[in-house]
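What follows is a set of notes on a single structure, which appears directly below.
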Amino acid sequence: LLGVFHHTDLRKSLTVDEGTMKVEVLPALTDNYMYLVIDDETKEAAIVDPVQPQKVVEEAKKHGVMLTTVLTTHHHWDHAGGNEKLVKLEPGLKVYGGDDRIGGLTHKGTHLSTLQVGSLNVKCLSTPCHTSGHICYFVTKPGGSQPPAVFTGDTLFVAGCGKFYEGTADEMCKALLEVLGRFPPDTRVYCGHEYTINNLKFARHVESGNAAVQEKLAWAKEKYSIGEPAVPSTLAEEFTYNPFMRVREKTVQQHAGETDPVPTMRAVRREKDQFKVPRD
């Protein structure tokens, strides 16, 4: 147990700087991620799922940016539970989300509605399933050459997806394959939790012959051992090792004993919910 607590304290933040849009990956709680999305041109910033508000305020100050916007992926406390306190600490914030259960909500996002954070363009994507009001946020710099970013909350994880608490396999298929999966392959994926190693161990169980799974697992173990985040991934990568993004592949369908994506999604999710993660 000591090792676990020790590791929690050691989880490092990470700066992803690929152009005008800068993303600060901020570990929170035990395995959550918050993301400070900075427009380098205007020094305006948004925060995704600020469950630890004090840390968010300190990070914004450290980077010399003005926090204008909260992007909430869904209403669960470990994502939305800091909103009300953050708004007290930083009055006047715009708080976006797709669900009336979200604390501090000022702007309700709908599918394909857009907003600006400085010169960055943010598109809301409705991805109901984990929760009925789940939203992912697709962020681009118009006219810029840097890859887009998508903040996927508990819809898409590195090598996994969220539990279907308020939705169906059909909805998760739509979210992963039709909504998220159609964005450019180099889109950076920033998810809500660090579940990468366990997800990849399940992916290995589903497709034991998939070299992409083995390689990513070795890489993720290395990252974990030095306390570094395994985010972001890319959509292109997810299609190579994420069983829930691969429900159209024969290997995944055969494992599930199905021939169509939706029943495959249902079967693979059900199996993942019961999966005992091996130690290695």
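Every residue number used here counts from 1 along the chain in the order it is shown.
Just so it is clear, glycine is given a Cβ too, placed from its N, Cα and C backbone atoms.
Of the residues proposed, HIS107, HIS111, HIS193, the one Swiss-Prot records at the same Zn(2+) 2 site as ASP78, HIS79, ASP154 is HIS193. Ranked by how many other Cβ atoms sit within 10 Å of their Cβ, the recorded positions HIS76, LYS88, HIS193, LYS201 place LYS88 at the bottom. When other Cβ atoms within 10 Å of the Cβ of ARG269 (substrate binding site) are tallied across all protein chains shown, the result is 22. Residues near HIS130 (Zn(2+) 1 binding site) in space but far in sequence (CB under 8 A, at least 6 apart, same chain), listed by position: HIS74, GLY153, ASP154, THR155, CYS161, GLY162, LYS163, PHE164, TYR165, GLU166, GLY167. When the recorded positions LYS61, HIS74, HIS79, LYS163 are compared by the number of other CB atoms within 10 angstroms of each CB, LYS61 has the fewest. Max Cα-Cα distance over the annotated substrate binders (LYS163, PHE164, TYR165, HIS193, GLU194, TYR195, ARG269, ARG270, GLU271, LYS272) is 21 Å. Other Cβ atoms within 10 Å of the Cβ of TYR165 (substrate binding site) number 13 in total over all chains.
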